Amino acid sequence: MEFLWTSFEIVGTIAFAISGALVGVSRRMDIFGMLVLALATAIGGGIVRDILVGHFPPNSLQTGFYVLLTLAVTIAVFMVYRSKQDHHMSTRWVRRIYLTADTIGLASFTVTGTSVGVYAYPQYPIFCMILGILTAVGGGMIRDVLAQRVPSVLREEVYALPAIIGSAVYYVFGYDGAWLYASYGSFITVFLIRTAAIRYEWSLPRVY
Amino acid sequence: MEFLWTSFEIVGTIAFAISGALVGVSRRMDIFGMLVLALATAIGGGIVRDILVGHFPPNSLQTGFYVLLTLAVTIAVFMVYRSKQDHHMSTRWVRRIYLTADTIGLASFTVTGTSVGVYAYPQYPIFCMILGILTAVGGGMIRDVLAQRVPSVLREEVYALPAIIGSAVYYVFGYDGAWLYASYGSFITVFLIRTAAIRYEWSLPRVY
Amino acid sequence: MEFLWTSFEIVGTIAFAISGALVGVSRRMDIFGMLVLALATAIGGGIVRDILVGHFPPNSLQTGFYVLLTLAVTIAVFMVYRSKQDHHMSTRWVRRIYLTADTIGLASFTVTGTSVGVYAYPQYPIFCMILGILTAVGGGMIRDVLAQRVPSVLREEVYALPAIIGSAVYYVFGYDGAWLYASYGSFITVFLIRTAAIRYEWSLPRVY
């Protein structure tokens with residue numbers, strides 16, 4: 001179970017590091033700005049999660065592993081991007097990579113966040129779900145606030161919704177100790193809902 | 001005393017949920033964006049408070065009651081707003097509701113924030129006041145940063161000032177255990193000062 | 001050693017309070033807006049640091065000393081600025097004061113932040129460095145987000161880099177208990193690198 005949790009944490013960190021670094025590229029930042037946004041996205045959500053359960057120092061900062069991983073991913077994004085000559089052609093492709101990485105990060109951190117809640121406070125379902133949702137959307141929110149963008153969670157029609165449903169899925173299975181079903185079920189739920197929402201341009205009701 | 005505290009926490013949550021949801025409406029967000037802003041406003045300040053005194057998980061997240069309350073308020077605001085046909089006529093009225101709700105939230109959270117400080121650290125008056133002020137203005141700050149507005153606390157001439165005076169009022173009475181005087185005295189102080197400041201357009205000195 | 005630490009904390013608080021108050025002036029805020037930005041800058045980084053090591057209430061809020069110090073600095077900046085008649089002439093000079101104060105703050109808080117890490121978690125070098133860096137850049141980030149500016153750490157080419165190198169310097173000396181070398185070595189490193197970077201307009205590689 002420990003191994004499973006760490007796998008999702010690593011996958012989420014890599015995915016969100018890519019999404020953060022790409023936002024840095026799109027803002028024409030230097031490699032350092034890219035790194036700051038990558039760190040905010042990849043590690044921010046986990047820090048929020050660990051603060052809310054009172055776990056200090058936060059898991060993602062303690063050993064430095066996740067920081068160095070994010071650093072490596074940022075350098076890789078920088079190198080790949082630089083090696084391409086024709087940027088204009090690839091804009092649409094870059095956007096697709098960004099959205100896929102962001103969705104994988106969202107799904108992975110829904111799993112790890114809800115899981116921390118179910119482990120420590122199984123008696124509070126809403127709190128477990130909120131932990132999952134905040135872990136999933138928190139890093140992206142910090143990234144967007146720093147980069148002066150309206151956060152995805154406010155801009156995109158269906159962004160937090162998949163994390164909400166995914167965290168509920170995790171709670172239902174995880175409460176009975178079915179970690180494997182909980183983790184993969186939750187991950188796949190989040191991934192499919194958001195991918196479908198982007199693909200078919202789902203939207204939610206609004207006042208005007 | 002427990003009952004009194006919970007009453008103010010509930011009143012403040014409802015009031016700030018309204019103010020957050022209305023900012024979402026004014027930005028033409030969907031119902032989900034409204035909910036995120038309502039949650040940030042209604043629960044953000046209390047989370048900041050609980051983190052600063054090292055109380056985990058934060059009170060407003062633990063049971064889910066405040067989250068569901070905010071959800072209900074957001075849906076109510078959405079329904080009421082949708083049922084109105086002529087939006088243009090009501091703009092001024094909406095602004096008045098927004099300001100009143102925001103002022104009630106500011107006053108209520110000044111009370112609950114300072115109260116947590118006086119209970120746990122009566123020997124530190126400045127810390128108690130800061131807890132009250134940050135609980136009162138914190139949620140609105142997070143809301144405004146997410147919605148890309150300059151925070152009220154920087155934009156409005158008299159916003160944090162009532163919270164400062166109100167938290168001092170609370171400390172003076174609350175230190176001697178006069179919770180009832182402290183709570184109502186503080187609430188009324190904040191409410192009257194900000195309402196008067198808006199009504200008579202008070203302003204503070206500036207360099208230019 | 002206690003005395004040394006407190007000295008750097010005080011110097012950093014004064015320097016960052018000046019930088020925050022000056023951003024408030026440049027945004028034509030009233031004295032209250034200046035105070036909020038000064039507090040965010042001067043105290044924000046230390047609060048982030050104390051939260052990450054689970055130290056509650058945060059050191060800079062506990063006694064109120066740092067809050068009152070920041071208040072005094074803000075009033076002083078306000079008075080000095082008002083007493084000057086010709087603002088247009090002094091713009092360049094103000095910018096120089098702002099950058100110097102910001103650099104002193106950055107250097108001081110790199111020292112106090114890394115020091116807290118080395119004291120509590122000497123076995124985690126990366127965590128110690130991150131504590132130093134976040135303490136140094138955290139307050140300015142909160143200030144910039146509140147004032148709706150793109151954070152210096154993303155905008156300026158060489159901003160976090162001196163803090164990274166300075167925190168490494170501190171760790172190397174501090175790990176062996178050479179607090180004096182660690183503190184002054186780290187401070188001077190950060191100060192010189194950023195000053196040189198501003199003076200000679202150093203820049204880092206970027207994708208475009």
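Just so it is clear, glycine is given a Cβ too, placed from its N, Cα and C backbone atoms.
Residues or ranges marked as domain 'Glycine transporter' by TrEMBL: C:8-81, C:100-173. If you look up TrEMBL, you'll see C:6-25, C:32-52, C:64-81, C:93-112, C:124-146, C:158-173, C:179-197 marked as transmembrane segment.
Secondary structure counts, DSSP: the domain 'Glycine transporter' (C:100-173) has 61 helix, 0 strand, 13 coil.
Most Cβ pairs within less than 8 Å of the transmembrane segment (C:93-112), among stretches C:6-25, C:64-81, C:179-197, belong to C:6-25. Under the criterion of 3 or more C-beta pairs below 8 Å, with sequence separation of 6 or more, the transmembrane segment (C:64-81) and the transmembrane segment (C:32-52) qualify as touching. Across the domain 'Glycine transporter' (C:8-81), DSSP classifies residues as 62 helix, 1 strand, 11 coil.
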